[in-house]
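Peer 1: Attaching a single structure in structure tokens format; questions to follow.
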Amino acid sequence: MASAAAPPTSLSLAARAASRAAAAPLRRGGLAAARQPARSLAFAAGDARLAVHVASRCRQASSARGTRAMATMAKKSVGDLTEADLKGKRVFVRADLNVPLDENQNITDDTRIRAAIPTIQYLLGKGAKVILSSHLGRPKGFTPKFSLAPLVARLSELLGIQVQKADDVIGPEVEKLVAALPNGGVLLLENVRFYKEEEKNDPEFAQKLASVADLYVNDAFGTAHRAHASTEGVTKFLKPSVAGFLLQKELDYLVGAVSSPTRPFAAIVGGSKVSSKIGVIESLLEKCDILLLGGGMIFTFYKAQGLSVGASLVEEDKLDLATSLLAKAKEKGVSLMLPTDVVIADKFAPDANSQIVPASAIPDGWMGLDIGPDSIAAFNAALETTQTVIWNGPMGVFEYDKFAIGTEAVAKKLAELSRKGVTTIIGGGDSVAAVEKVGVADVMSHISTGGGASLELLEGKELPGVTALDEAATVTV
Ligand SMILES: Nc1ncnc2c1ncn2[C@@H]1O[C@H](COP(=O)(O)OP(=O)(O)O)[C@@H](O)[C@H]1O
Ligand SMILES: O=C(OP(=O)(O)O)[C@H](O)COP(=O)(O)O
């Protein structure tokens, strides 16, 4: 296993010039989306893990109002709001109900709907009127294909009440429906992105959205990295503006557990390209003890070390960056491990011929599509020593069964560690799909509902949808 702290033997191998055509990277929305495994994350209306989290949040709110167990949770929470604050109040709830639909408008993965339920249920239980808002896809204007109508039945089923649906987002029809909404009722607004003003964060539009409500709850973690009218602009017009339970849980794990981890803390970063993970790797190098790298990005590291990578995916313009990341890991005393063996293929296809070779012996014309068995064993041994693990990005082209072994091995190892009490965090995107594929999603400590948002958080960026919310300690309702 290569380690920045203890350089690998492969480093001493003679450099061989290799400038081969890179394997075409698979993009999310490409093969991954086409094969989209049904996501069924650990959240459910009656999900024990989230229920416990919500209950503990409510206890914290009532017993230590304004003081957070986790320093990162400096935002006021929906759990801080009591029945006196909520009864009869109109609450604008921004959720991320951006779920995949098939060609017949059937929901193929209801994870995000289920994840939004605890906050809505809490508000309904306190006698509030919930005005529920979300986007779906990236529509250009009013487009029936992107209507939120297909979500009404599932929402109603999970909440155990008939959810009302508006055909608009703002305007007289919405005002009328809100006026008729009983305490404990839910009105689902139409896709907020039907108005271009949403993504422009237009203040007038935000004010119109806010005009039908008394207070605001943001539970849309997957959209919290967007400064849009319904995630950021609306907070200027509604007080209090507080975080929902899902948003809190995401922050607790992706910021709290990562910033103050129980050590040893390992980060596993994979995925297609180093360029899309630079920020994450740099940020995690500041915090972790062990960094395991896999996926397409490893070939850029190999090449930077003078190894021949055949036809593997390489970013020629990131060779210096790879070298500097290795140096930074060494400087920080982080044990950076690169796979020592890889599964190579003669073409980028599910039925390609394959073989296992040392990372230093990739023949011309062959491309690395997965990590090998020695690497899996070494990664497992390193992970065995940890108390906190965060994972972002697959170890190989896991969409093809033949090259899914490394990714599945990581998923299985993290499941085993979770059962032993290790905190395991899956940071969104394709790693979530991999965990789902292996069927171990429900044992992980946390699986993020936001791909882009979780990446930005792990990079250390602020999310506008979170920043805009009221501070916990300073605001009184
Ligand atoms: N060795 C490899 N060569 C080419 N593509 C790879 C390789 N390993 C993984 N990938 C691809 O990387 C993609 C995921 O990359 P990325 O989008 O960066 O991860 P994530 O979605 O987890 O953030 C997957 O589609 C996977 O097939
Ligand atoms: O699906 C989403 O993001 P993700 O694909 O990064 O997890 C969110 O709903 C945000 O959608 P957007 O990227 O169109 O703003």
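Cβ from N, Cα, C; glycine included.
Since this is a predicted model, take the numbers as computed values, not measurements.
Per TrEMBL, the feature substrate binding site maps to D96, L97, N98, H135, L136, G137, R138. Sequence annotations record features per position, and here TrEMBL assigns (2R)-3-phosphoglycerate binding site to R112, R193, R226. The ATP binding site feature in TrEMBL is assigned to K277, E399, G428, G429, D430, S431.
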Peer 1: List, in residue order, those binding-site residues out of L136, G428, G429, D430, S431 with a Cβ under 6 Å from any atom belonging to ligand 1.
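Peer 2: Within range of ligand 1: G429, D430, S431.
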Peer 1: Can you go through the binding-site residues D96, L136, R226 and pick out those with a C-beta less than 6 angstroms from ligand 2?
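Peer 2: D96, R226, by Cβ distance under 6 Å.
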Peer 1: In Å, rounded, how far does the Cα of R193 ((2R)-3-phosphoglycerate binding site) sit from the Cα of N98 (substrate binding site)?
Peer 2: 11
Peer 1: Among the binding-site residues R138, R193, which residue has its Cβ surrounded by the fewest other Cβ atoms within 10 Å?
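Peer 2: Comparing Cβ neighbours within 10 Å for the binding-site residues R138, R193, R138 has the fewest.
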Peer 1: Tell me which of the binding-site residues H135, R226, K277 sits in the most Cβ-dense spot, judged by other Cβ atoms within 10 Å.
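Peer 2: Compared across H135, R226, K277, the most Cβ atoms within 10 Å surround H135.
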Peer 1: Of all the binding-site residues given, G137, G428, G429, which has the fewest Cβ neighbours within 10 Å once its own Cβ is left out?
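Peer 2: Least crowded of the binding-site residues G137, G428, G429, by Cβ count within 10 Å, is G137.
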Peer 1: Helix, strand or coil: which one is D430 (ATP binding site) in, per DSSP?
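Peer 2: D430 (ATP binding site) sits in a helix per DSSP.
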Peer 1: Inside 10 Å of the Cβ of R112 ((2R)-3-phosphoglycerate binding site), count up the other Cβ atoms and send me the figure.
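Peer 2: Excluding its own Cβ, the number within 10 Å is 25.
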Peer 1: At the level of the C-alpha atoms, what whole-angstrom distance separates R112 ((2R)-3-phosphoglycerate binding site) and L97 (substrate binding site)?
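Peer 2: Given the Cα positions, R112 ((2R)-3-phosphoglycerate binding site) is 6 Å from L97 (substrate binding site).
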Peer 1: Which of these binding-site residues is closest to S431 (ATP binding site) if you go by CA atoms: D96, L136, R138?
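Peer 2: Smallest Cα separation from S431 (ATP binding site) among D96, L136, R138: D96.
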Peer 1: Going by Cα-Cα distance, pick out whichever of the binding-site residues R226, K277, E399, G429, D430 is nearest to G137 (substrate binding site).
Peer 2: R226
